[in-house]
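Taken from TrEMBL, the feature transmembrane segment applies to B:12-41, B:61-79, B:91-110, B:116-137, B:146-164, B:197-214, B:283-311, B:323-343.
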Amino acid sequence: MTTHPVLRLTGITKRFGTTLANDAISINLAPGEVLALLGENGAGKTTLMSILFGHYTPDAGTVEVAGVQLPPGKPRAAIRAGVGMVHQHFSLAANLTVLDNVMTGTESLWRLKSSTGAARAKLLSIAERFGLKVNPDARVGDLSVGEQQRVEILKALYNDAKILILDEPTAVLTNLEAETLFATLRVMAQSGLSLIFISHKLNEVMAAADRVVVLRGGKVVAERMASATSKAELAELMVGRRVARPVREAAVPGTVLLEAIDLDVGRRLSGINFAVHAGETLGIIGVSGNGQTTLGHLVSGLARHTGGELRLFGQPINHTSVRSLIEAGIGRVPEDRNEEGAIGEMAIWENAVLERIWEFSRHGLVDRHAARQFATKIIDGFDVRGGTPDSRTRLLSGGNMQKLILGRNLQNRSRILVAAQPTRGLDEGAIAAVHTRILEARRAGTGVLLISEDLDEVISLADRIQAIVKGRLSPPIPAEQADARMLGLMMAGDWPQDGKFAHAS
Amino acid sequence: MRLERRAHRPLVLVLLAPVIAIMAALAIAGVLIAMAGAPVLEAYRLILTGAFGTRLGFTETLTRATPLMLTGLAAAVAFRARVWNIGAEGQFYLGAIAVAAVAATVFSGWPPYLLIPAALMVGAIAGMVMLLVPLGLRLRFGVDEVVTSLLLNFVVVLFVSMMIEGPLKDPLAFGWPQSIPVGPEAMLPKLIDRTRLHIGLVIAIVIAVLVYFLQSRTVFGMQSRAAGLSPTAAVFSGVPLAKTLIKVACLSGGLAGLAGAIEVMGVKGYVTTDLSPGYGYSGIIVAMLANLHPIGVIAAALFTATMFVGADSMGRALGIPSYIADMTVSLSLLTMLVSIFFTQYRIRR
């Protein structure tokens, strides 16, 4: 490349304790380029960007913006040099307007009057230039997640960012919103901005980036032009070995195990219908915050329905509790394994039996021998690495903790498995392991209710798919007929009200 | 230099932590003793002989340790489930005044083997009720029980004051504000004649062992620990959260109430407003020193009582203020917290 790089990272090294988070990483960014930083959890992507942005001080290495070296550990200097960052978790004040949010921190505190007029003009001209449509007077709390992200980007641009860093920008978006975002990124790149986006999703890296830098174990392992690589190659580079997610094979579903008929849960779920058959996976796809948590809680015994009917093995049930559902044979994988799934400070064996303690106790006394044996069986049978029955659960990695949670449910052959976001935050290897277990359970006749935000996951695991939007469920479509485009429409709430898809018969 | 969490807590370190903490506290207290103009080593010797050197000192130490064990257990069981019971002092007094109210009146004429258990039970129930109020407010309205349980202490002490100046006043006490006596039948048997030491000590130790068993072996122990460590995960696992916390509160308040009942029936025989030199509050320190372990509470209570009794007699012998005892106990709490921290973390550079 003959053009002078706008950003040059040289030999960035950062060590946390014994782990080397970044190992002599060097990256250049050309003007008008979209660079994807691809890597698994813990590959060092976020650390690297935090160093670039001045949140962390590197142990070694330098950051140069347009040929000028940035002082380490000074976010202000990075902002002034034109580096803007859009965090995965937005830093917006919900009760302020878009304009207020954008202006925050840009004016001196000693000015008596803020020049709202000039700010509004500047904001509108930026929005115009990059096609980021937004109403400056809307309250941020009233905006959709996609719009809020637009505000975050505008905030960075308002600060005259020339280099924009986006940390996992699509994590909270529907795929339609994501496509819109990528189009915007293109426009921004064409007008001379340079962009880095961090991701572990192969699809979007292929779709949006010019160039891909793959990080693994804190090192740059490869650099590819997006036009000259493939998803398969990137996956292998990212994981370091060939990883194939298992694929669902066709199966004939059995009887209906769990069925909801016009079911309400307060105002959070209204009039939903679904049926889980034996030996079948029903996928519920949707963007986070549309009622998935409530749905998961309903079938886990934590929430009760207020209207309609819930049928378990054909029998209507009115009073559900955690215990009654577990005794009926429902296995539950909660959406937040650290908050709900396991207690880090308790031993692995305790976490293995806590939700079914009545099976491992007599007259109120815990049968610790049987409980430890149960834990050992899970550890062996589900390949939980990094712990013994007596070690603390927090020592397990996310993937191993998830295997423990799956194991305690599947060890005794649950008839129904509720898996809420089962691979959220896991890396490619662990995802493959979790998917294998879910498919195994399905093959053994378990009915699986998969609640997920991950399109690829739902498409590869589910036999039938329903979308969840604002507490309502779409009618199911067979997985064979689902493609990303169609699911995207469904996730946006676009389905016929008569309950049938015109071309789904 | 930075702190790093240890993967495992080495057992040696866990056992050594309190010893190191107490040594450090004594060393710092030594500076204070020297500043008061007394010979430091002589002061240490006098603390030990004061607490253990004579029959009287020894039994007095054990007598003082008894209520501390019970209030220490009260704090330990509550804190483990993250029920912040700061109201053991109030529960102690309510237990005491309840016993004074019933022992010589309602239970009058009962044989001791019925009277004593019944009176102890009344004291425990009084303490229970006293803690269920703040817990109920927390479960129903989300009111912080730290504030409510703490403030109720003052309410109870004033209530006790009112009772012993009014309906429960002893008419034979020459106008002193003290309650009617519980009567000789309600007094706990002595362990050693002509001392103040009574079987309350045995009761406290047995209860500590029972609590240990309850916490480590029973479903209730496991569920209450889960409720304390992570309420959301506990609820997901089907632990009845409110029920579990109510049981914990009954246990904790009951133990503090029992401490008050035992103190009345074991030592004084009647209630005054100086029945407790802050046993309820010291119980929190005892529990923390023991790292909330019920068996550790026995040792921590013994240590605290040793310091109180020993420093008292050392102060008298050397003519320095006995506040040294309070200081040493408080210092040892601080050093203990630091050493517990270092059983969990290590320093890396």
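Cβ atoms are placed via backbone N, Cα and C, with glycine included.
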Cβ-Cβ under 8 Å with the transmembrane segment (B:197-214): same-chain residues at least 6 beyond its ends:
59-60, 62-63, 65-67, 69-70, 73, 76-77, 187-191, 220-221, 251, 255, 258, 262-263, 265-267, 293-295, 297-298, 301
Looking only at residues six or more beyond either end of the transmembrane segment (B:146-164), which have a C-beta under 8 A from one in the stretch?
84-87, 89-91, 93-94, 96-97, 101, 130-131, 133-134, 137-138, 170, 177-179, 271-273, 280
Which sequence-distant residues neighbour the transmembrane segment (B:61-79)? Criterion: at least 6 residues beyond either end, Cβ under 8 Å.
51-52, 85, 88, 91-92, 127, 131, 195-198, 200-201, 204-205, 207-208, 211, 215, 224, 228, 248-249, 251-256, 258-260, 262-263, 266-267, 276, 279-280, 282-284, 286-288, 290, 292-294, 297-298, 300-302, 304-306, 308-310
Which one of these stretches, B:91-110, B:116-137, B:283-311, B:323-343, has the most C-beta pairs shorter than 8 Å to the transmembrane segment (B:12-41)?
B:323-343
Restricting to the same chain and to residues at least six past its boundaries, which positions have a Cβ under 8 Å from a Cβ of the transmembrane segment (B:323-343)?
6, 9-10, 13-14, 17-18, 20-22, 24-26, 28-29, 32-33, 36, 43, 282, 285, 288-289, 291, 303-304, 307-308, 310-312, 314-315
